[in-house]
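A.B. asks: As annotated by Swiss-Prot, (6S)-5,6,7,8-tetrahydrofolate binding site applies to Leu117, Gly121, His122, Leu123, with the evidence given as sequence analysis. What Swiss-Prot lists as site 'Plays an important role in substrate specificity' is His225, and the listing cites sequence analysis. Sequence annotations record features per position, and here Swiss-Prot assigns N6-(pyridoxal phosphate)lysine to Lys226.
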Amino acid sequence: MSYIEKKDKVVYDAIQKEFQRQNSNIELIASENFVSQAVMEAQGSVLTNKYAEGYPGRRYYGGCEHVDVTESIAIERAKALFGAEHVNVQPHSGSQANMAVYLVALEMGDTVLGMNLSHGGHLTHGATVNFSGKFYHFVEYGVDQENELINYDEVRRLAIEHQPKLIVAGASAYSRTIDFKKFKEIADEVGAKLMVDMAHIAGLVAAGLHPNPVEYADFVTTTTHKTLRGPRGGMILCKEEYKKDIDKTIFPGIQGGPLEHVIAAKAVAFGEALNDDFKDYQNQVIKNAQALAQTLIEEGFRVVSGGTDNHLVAVDVKGSINMTGKLAEETLDKVGITCNKNTIPFDKEKPFVTSGVRLGTPAATTRGFDESAFVEVAKIISLALNNYDNDTKLNEAKERVHALTSKYPLYN
C-alpha cells in the first residue's frame, strides 16, 4: 500500500478508511466474506497486466503460457471441488454466468420458471428490471404462505401448466435446504433443462454440507465469493455435452479478455476450499447462523421459515417490532453492524423499504466468531432495534460491538 500512499493519497485514504470500517464493524451481509491474504495477493499480482483472449492452449495472444497454468489449475480444482464434467472460470460475475446459460439454453421470449425475487430469488431469475425478465418470459414460483418453504407442488403445477424450456433453482435469500433432486424430477417430467444458481451456498456444497446440484442440473452457476470465500467473480459448471456452447458464449459471445489475475485468485481460493479446515469453517458458518436465528427468536423476533439450514437468516422486523427493513439497516449501521434490508415472502412494503433484513454469518465466521459470539450479536441487534431512538442504549450496543471486533481482529 506504500506505493498508493505516495502516488495517490486520496485513493489511499479511502482504502484505509474502508479497511477500518471492515475491521471495526460486524459484517452480516450474507453475500460478503473476507478473502485470505493469499487470495488478495494473487488478485493484486502482475497477472493483471496480461491479456489472454481464448482458453488455455487456444489463445489469440502470445505470452500466455503462465496464465494458461493458473487458469488450468482453477478449472481442475473446481472440478475436484464439485465433481463437474466441465468448468468455465472466466465469467466476471454471477450475473454474466447466468446470462451465458440463458443464451445457450434459450431463445428470446422462451418460457422459464424461476423463483420470485421477494420470496428469495435473484434479479437474474426473471425480475422485470433485469435483462432476464426483459428477454425471456419468466413464470414465478415461490414459498408456501404457511411454512415459508419452497412449494414443490406449486413448482410442478406451474411447470406442467406453462411448459418452460428451462427451470431455475437457487436463491439469494432462502435459508433452507433446496431439494435439487425434486427440481430435476419436475424438469424431466416437462422436458425442461435444469439450471441451478448456487452462488450463495457454493461453499456449503463444496464442504459436503448441502446437496450438490452438479449431480442433477444441466448447468450450475455460481459466484466465487460469498461462502466460497474467493475473489469477486463467476463460474459455470456443466455437463460435457454443453462445454463447447458454454465456452463460445462466454468468449467471444459476451466477454473479451478474461481477468487472469482474478482467475489466479479463484485458483488459490479453490485450493483453500479443498483443505480439511474449510469443512470445519463451513460447519461453523451453519452453527453460527442457527445460534443467531434461535437467539433472535428468543428475543421476540420472527425469523422467516422459523430458522435456517445454511448461512443465512431472514428476519421479519416489520411483523416483529413494527419497523421497516430500511430503518433496521440504518439503525444497525449506527452501532457497527452491517446488513441489508430485504423483502420477505408476501412483503407489502416497497423493495427499497422492505419488511425484513437479511443476515449472514460467513464473514464474521472467517474472523473467528463462534456460537457464543453470535448469541451476543443477536442480543446486540435486539438491543439496538428495540431502542433505535435511545442514544444511551445505542451507545451501549456500539460498545458491545467494539468488544467483539477487538476480540476477533480482521487480518490479525
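Each Cβ is built from the backbone N, Cα and C atoms, and glycine gets one as well.
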A.B. asks: If you count other CB atoms within 10 A of each CB, which of Leu117, Leu123 wins among these binding-site residues?
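C.D. replies: Answer by Cβ density within 10 Å: Leu117.
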A.B. asks: Using a Cβ-Cβ cut-off under 8 angstroms and a sequence gap of six or more, which residues of the chain neighbour His122 ((6S)-5,6,7,8-tetrahydrofolate binding site)?
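C.D. replies: Expected: Met115, Gly170, Ala171, Ser172, Asp197, Ala199.
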A.B. asks: From the Cα of Leu117 ((6S)-5,6,7,8-tetrahydrofolate binding site) across to the Cα of His225 (site 'Plays an important role in substrate specificity'), what is the distance in angstrom?
C.D. replies: 21
A.B. asks: What's the CA-CA gap between Leu117 ((6S)-5,6,7,8-tetrahydrofolate binding site) and the residue listed as 'N6-(pyridoxal phosphate)lysine' in angstrom, rounded?
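C.D. replies: Cα-Cα distance, Leu117 ((6S)-5,6,7,8-tetrahydrofolate binding site) to the residue listed as 'N6-(pyridoxal phosphate)lysine': 19 Å.
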A.B. asks: I want to check the contact list for Gly121 ((6S)-5,6,7,8-tetrahydrofolate binding site): same chain, sequence separation of six or more, C-beta distance under 8 angstroms. What comes out?
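C.D. replies: Set apart from Gly121 ((6S)-5,6,7,8-tetrahydrofolate binding site) by at least 6 residues yet with Cβ under 8 Å, we have Gly114, Met115, Ala127, Glu140, Ala171, Ser172, Ala173.
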A.B. asks: Do any residues at least six apart in sequence from the residue listed as 'N6-(pyridoxal phosphate)lysine', in the same chain, have a Cβ closer than 8 Å to its Cβ, and if so which, in order?
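C.D. replies: Within the chain, the residue listed as 'N6-(pyridoxal phosphate)lysine' has Cβ neighbours under 8 Å at Ala30, Ser31, Glu32, Asn33, Ala199, His200, Ala202, Gly203, Pro362.
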A.B. asks: Give the sequence-ordered set of same-chain residues, not counting Leu117, Gly121, His122, Leu123, with Cβ within 8 Å of the centre of the Cβ atoms defining the (6S)-5,6,7,8-tetrahydrofolate site.
C.D. replies: Gly114, Met115, Asn116, Thr124, His125, Gly126, Ala127, Asn130, Ala171, Ser172
A.B. asks: Across all the protein chains here, work out how many other Cβ atoms are within 10 Å of the Cβ of His225 (site 'Plays an important role in substrate specificity').
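C.D. replies: Its Cβ shell of radius 10 Å holds 26 other Cβ atoms.
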